[in-house]
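**Student:** Before I ask anything, let me first share the structure, which is written out below as structure tokens.
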Amino acid sequence: MSGNTYGKLFTVTTFGESHGAALGCIVDGCPPGLELSEQDIQIDLDRRKPGQSRYTTQRREDDQVKILSGVFEGKTTGTPIGMLIENTDQRSKDYSNIKDQFRPAHADYTYMQKYGVRDYRGGGRSSARETAMRVAAGAIAKKYLKDFHGIEVRGYLSQLGPVKIETVDWDQVDQNPFFCPDASKVPAMEEFMKTLNKEGDSIGAKITVVATGVPPGLGEPIFDRLDAEIAHALMSINAVKGVEIGEGFAVVEQRGSKHRDEITPEGFLSNNAGGILGGISSGQDIIANIALKPTSSLHIPGRSVDVHGNPVEVVTKGRHDPCVGIRATPIAEAMLALVLMDHLLRHRGQNGGVQHRIPVIPASAK
């Protein structure tokens, strides 16, 4: 199919383009009875929206969400929830010079090869602008998970170019424009971004996303393993080129005696697996990292070709994020929440009546 829908029981279908009239989504499968308002959703949209600092794109969108259906008298009804965000600050003329050119490392070339036509204005459907609706849908999932099951999904920027985070203070994440959990690293990030802006270049980043309070048992082996679904969801985010669950690629250098998460009656002694064993949640924190590439929408000229195959020099004049990772934290949170929400409903549907006397092992013995 066309790939615009995610989920099996809790489904999200998004629509809209970067410079179109609006963005929208349909959330189907949300259980009835969840207290929900536009403000509940707006909180996360405001964390993601552009134009809030000198370090992100200066395109200014209010991203005011409208709930069109599925909510009555402040509660979800169990019917499809329709949501809409109007685009108000498009500047399509910035892209007229590249309408027949393929920007290097963008989806321009591949979209033309696949569809034979493309919306060149701001990348059209391939733009990260689309993720606003993922955040809106994810806000619903996050609220249901927390209100009804005590599951909390949070994230932070763990690396910006060469600046790595060593200390995590959750209270600091929303206190700076980087979603940085270490206040002592913010000045270094600011200086790095100032230099980058002067050079007209861009940089990559790493985001860490964590879900706490997840019960054991979520995940559907074999092909819908929880970690496989999380990787799928996170890789679907624009610019993501790598996903790690738990220790990820660091396991290459670990020995089995260190990597195995030993178990005691008091709880697990470590969490190298990132809260997932055999594709099923273990009850520990679910931890994932994503690596986002540097955007190639630059003021620095780059070589490419046009739609006729002629060599051209491409310079992007539009407004862009010099580091797409700065605003990606709410997006990563949303995608992890959507996976957990879908699997929670799937687990309840198939295994809700399962009874056993196996004790629940505490997430950590520490």
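Each Cβ is built from the backbone N, Cα and C atoms, and glycine gets one as well.
Pulled these features from Swiss-Prot for this protein:
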BINDING   R48, R54  NADP(+) binding site
BINDING   R125, S126, S127, N238, A239, G278, K293, P294, T295, S296, S297, R319  FMN binding site
**Student:** Work out how many Å separate A239 (FMN binding site) and R48 (NADP(+) binding site) at their Cα atoms, rounded off.
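**Tutor:** One finds 16 Å between the Cα atoms of these residues.
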**Student:** In Å, rounded, how far does the Cα of S297 (FMN binding site) sit from the Cα of R48 (NADP(+) binding site)?
**Tutor:** 19
**Student:** In angstrom units, rounded to an integer, how far apart are the Cα atoms of S127 (FMN binding site) and R48 (NADP(+) binding site)?
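**Tutor:** Distance (Cα to Cα, whole Å): 14 Å.
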**Student:** Using the alpha carbons only, what distance in Å do you get between T295 (FMN binding site) and R48 (NADP(+) binding site) once rounded?
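**Tutor:** It is 17 Å, counting Cα to Cα.
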**Student:** Rounded to an integer, what is the Cα-Cα distance in Å between R48 (NADP(+) binding site) and R125 (FMN binding site)?
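**Tutor:** Here the two Cα atoms are 18 Å apart.
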**Student:** Three-state secondary structure of K293 (FMN binding site) from DSSP?
**Tutor:** coil
**Student:** Check the binding-site residues R48, R125, K293 for other C-beta atoms within 10 angstroms of each C-beta and report the one with the most.
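**Tutor:** Buried the deepest by this measure is R48.
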